[in-house]
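Here's the structure, in structure tokens; my notes come after.
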């Protein structure tokens, strides 16, 4: 007799309605455990090929170092940018890059959505008893985020050595909140793009566009740009809240910030609103996908 | 006490997809011209009921609507009208609860983690489904005994051959012992040995009487080996829903066997088949009704030196052609699309 024929009846089957237990990943602890299991397995598999692992980290480092080198060139020619010194500008840079590195570490797989859709993996996620978004976030170990974070930490340490600021507990808490805010703002914006990708396949390049715009404009004082861009980065694509506005308060530049000094404290509200809106867009995007694909 | 709901109930499901009419000719105005939208019906008023323990073959030509129907039944696709229920639950609205009761494979598309060894994927699935360690190990051992997975389950999925990957995918779909299985062309592109392993597993599952299985395939031998009930879909409509024998028998007279002998066999007299034509070493046979492929092959090999035996007319497409040839009566027979009770 074949072993499978001896397989006992499924405890969830039979001639009655099967029991459908609640999946452990519905609980936050279960979700964290699942994320940890996948990340551990992913890191293990990437470590199996040392060259791949090193390249993944090097990619993250290279990209962020390029951004920093460009900033160094700018500072070489202009020691002060819109009244901001080198250390102060580096603080904008550090907040944004730390937020970005953490985003890449925990949620960066969202950028793989087009690939997951094309390969049919997104459909497989929807046949499992776990939140689809969680399965997207934990699809593979984001090793190159380590590179992003290494450069971000280096940038922050250089910036702290240059800054003439007396750090109080409140300021340190504000800085940490700003980093988390930058992470949530990037997550919120990318969720909007992911929802668009679920509707229009051609919109996947928006992921790269957002990354490029943030890397190009998000590292500098807003006062450098014409008023149209100042308005765009504050009210339309609010990347200024993921670096510039919180850094303006920490460095004493809030009074000269465009529009209002109060905007320096608005980043938690902006982050929360973007996350809420991004999740709502995502849910509607998934429903659209289920009706049309 | 009310009767338990059936494993699957699909009721008057309609699904259309929008496409755009292309404008004729070349003109600079073309990009600015408004294109007309057109809706193509993928499923039209499809209905069927599958009871617990049934093994049904879902057949149809490419583009007939089989995969769309499977997507509707698994909650991946929302129909415009009509309903699908698995054990009485809405597969879309109750997605996470339903996921515990069903296992799904999608042809050559893998649902395993591409960069991880297959065994790691199984471990992750264990955590997703919340399987106790002992139950997980026992099931994996049983699956390994049938599908022979252990020799390659430590290899990253991206390095596996198609046959190895399909076996791992099937194991992944069965790990949580779902009572309901949707298998969308699980043996497509596989070699004979792997096909046999997969068929053995599915046959074993069917024999427990505990599993409800929906299989789409283009291989009639697979259908004949496994499915008692067939549902044929054509252009989004159910055109046949009944016992396998009724449909397979209809195509039987078209089936031929091409035998290549080592030397011209001379006048042939066989118990299992009649000679249709003979040309040197090549002879065309038609099996007698009820004669199985194995019996014909055994008789030929026991008395003659045979170079090759090719069975023709054993593909689902051949059966479908027969069905379409006698379409008026079939269409009449299949008019009420509800499945047997």
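Just so you know, glycine gets a Cβ as well, placed from its N, Cα and C.
According to TrEMBL, the feature region 'Disordered' maps to A:1-24.
As annotated by TrEMBL, compositional bias 'Pro residues' applies to A:1-11.
The transmembrane segment annotation in TrEMBL covers A:53-78 (among others).
Marked as transmembrane segment by TrEMBL: A:98-117 (among others).
Tertiary neighbourhood of the transmembrane segment (A:137-163): same-chain residues 34-35, 38-39, 41-43, 45-46, 53, 56-65, 68, 85-88, 90-91, 93-94, 97-98, 100-102, 104-110, 112, 116, 121, 251, selected by CB-CB distance under 8 Å and a gap of 6+ residues from either end. Look at TrEMBL and you will find A:137-163 (among others) tagged as transmembrane segment.
What TrEMBL lists as transmembrane segment is A:169-198 (among others).
Within its own chain, the transmembrane segment (A:219-245) has Cβ neighbours under 8 Å at 67, 71, 74, 81-84, 88-89, 92-93, 95-96, 99, 178, 181-182, 185-186, 189, 210, 213, 253, 256-259, 263-264, 266-267, 270-271, 274, counting only residues six or more beyond its boundaries. Annotation comment: TrEMBL describes A:219-245 (among others) as transmembrane segment.
As annotated by TrEMBL, transmembrane segment applies to A:257-282 (among others). Cβ atoms under 8 Å from those of the transmembrane segment (A:257-282) belong to residues 133, 177-178, 180-182, 184-185, 187-192, 194-196, 198, 222-223, 227, 230-231, 234, 238, 241-242, 244-246, 248-249 of the same chain, restricted to positions at least 6 beyond its ends.
Among residues of the same chain six or more beyond the transmembrane segment (A:169-198), those with a C-beta under 8 A of the stretch's C-beta atoms are 95-96, 98-100, 102-103, 106-107, 110-111, 113-114, 117, 204, 206-207, 210, 214, 237-239, 241-243, 246-247, 249-250, 267-268, 270-279, 281-282, 284-286, 288-289. Beyond the ends of the transmembrane segment (A:98-117), by six or more residues, the same chain brings 60, 125, 136-140, 142, 144-146, 148-149, 151-153, 156, 178-183, 185-187, 190-191, 194, 197-198, 201, 204, 207, 214, 242-243 to within a C-beta distance below 8 angstroms of the stretch.
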